[in-house]
Amino acid sequence: MTNVVVVGSQWGDEGKGKIVDWLSERADIVVRYQGGHNAGHTLVIDGTSYKLSLLPSGVVRPGKMAVIGNGVVVDPHALIAEIEKLEKQGVKISPENLRIADNATLILSLHRELDAFREDAASNSGTKIGTTRRGIGPAYEDKVGRRAIRVMDLADLDTLPGKVDRILTHHNALRRGLGVAEVSHDTIMTELTSIADRVLPYRDTVWLFLDKERRKGARILFEGAQGSLLDIDHGTYPFVTSSNTVAGQAAAGSGMGPGSLGYILGITKAYTTRVGEGPFPTELHDDIGQFLGEKGHEFGTVTGRKRRCGWFDAALVRQSVATNGITGIALTKLDVLDGLDELKICVGYKLDGEQIDHLPASQGAQARVEPIYLTLEGWKESTVGARSWADLPAQAIKYVRQVEELIGAPVALLSTSPERDDTILVTDPFED
Ligand code: GDP
Ligand code: IMO
Ligand code: MG
């Protein structure tokens, strides 16, 4: 028995929510450890769809504890709205099943505004990132800049005003430079005191809670957001998010030691998608790209933006296997490939006439690489809802085997529809 870390191995939206929901039946606690409400995780349970952004996907299962770790940036308004939305869907949320780290950073309205001001200004110069405009980047900047307001500060009205002054000194200087109105001390104090009563009941010393539960033998499932290619260090910088998304962050972002992480499960889409700007070597601008987008319903959960689609890039996922220490993968959306005559898998790149087996870190080189493809025969049969290998056509099995060989990691789970139970178990990550 071990703990499990779920990470996205591509540019996000690999189906982490569905797999975390499926795995959470076997877990006691589900922990988010980075990112914020830039994430959009969709679960489909008996035809009902649940969309989660900030709350761990385990929250929909009665009897499971959901934890928001210190590595997450928490927008209190988004938190309250998401709790209310889920309660309307019949999900019960209280401190009995949700804890938020008292040392987690808060996203304030000024972070959301700064994200939008910057993206708007960058749009005019053609340098935007295409962020979710949720204030994620500005909030992490303040955390690293040691001027963030944290959950626990809401309970300390003696020190809070000084902290508000400190964050405003920085933000008002920026706002003056951007030519936008300054924010007053009273505005931020009112914002914080108005949400304090809704947030503070969930606060906990999360590292201590997790340590006690670990000692009692609880099974812990860590739920990553975004994907490894959006990692602030290992991703396609600067077209990335502002946190470390790789598995190592599960330790630092929750307060558990790396020795407790256990099985690292890389959620991997059977093709590739990306939302926002940035390099995408296997992107398809043709009918096949269109086919994948329509069949896979590739529209962002958070912003509704159309996701860019392309062939599976084994070179990139091989890189993610290394940077995360992936033990095995959950291969999702195989069903979307049904009906294609042939399938391509990128095995490496050509860069300035040379053959390379990984994506270089330089932005210029990332834009110039050309994929080298392996072509496989497709299949005509439907794999939608397949629940065993026996239900898969031979060519689909061949595709899966080829993926495993090229990325250097085995398939532990295979997903064949958005529904919770349309999942083939090969190896139970909790028992590995
Ligand atoms: P996440 O951000 O990694 O949790 O992924 P999203 O939820 O943003 O996007 C994945 C989408 O694919 C969701 O709408 C899921 O319901 C859906 N999905 C997940 N697994 C499968 C699958 O195996 N087949 C199909 N067709 N859809 C899937
Ligand atoms: P899940 O957890 C896909 C992308 C944005 C943008 C970049 C930076 O659902 O997989 P940010 O708002 O984080 O500063 O935006 O990162 N991005 C995601 N793309 N899935 C996500 O989350 C994402 N979260 C952020 O589109 O390109
Ligand atoms: Mg998503």
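Note: Cβ is positioned from N, Cα and C throughout, glycine not excepted.
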Looking at TrEMBL, which one out of Thr2, Thr159, Thr241, Thr323 binds IMP in the same site as Asp13, Glu14, Gly15, Lys16, Asn38, Ala39, Gly40, His41, Thr132, Arg146, Gln226, Arg305? Thr241
Among Asp13, Gly15, Val302, which are recorded as recorded positions, the nearest neighbour of Asn38 (IMP binding site) by Cα: Val302
With respect to ligand 1, which members of the recorded positions Asn38, Thr132, Lys143, Gln226, Gly304 satisfy a Cβ distance under 6 angstroms to one of its atoms? none
Out of Lys18, Gly40, Gln226, Arg305, Lys306, which binding-site residues have CB atoms lying under 6 Å from ligand 3? Gly40
For the binding-site residues Gly12, Val302, Thr303, Arg307, which residues place their CB under 6 A from an atom of ligand 2? Gly12
Under 8 Å between C-beta atoms and at least six apart in sequence, can you list the same-chain neighbours of Gly15 (GTP binding site), or say none if there are none? Ile267, Lys269, Ala330, Thr332, Lys333, Ser415
One should report the C-alpha separation between Thr301 (substrate binding site) and Gly40 (IMP binding site), rounded to whole angstrom, as 5
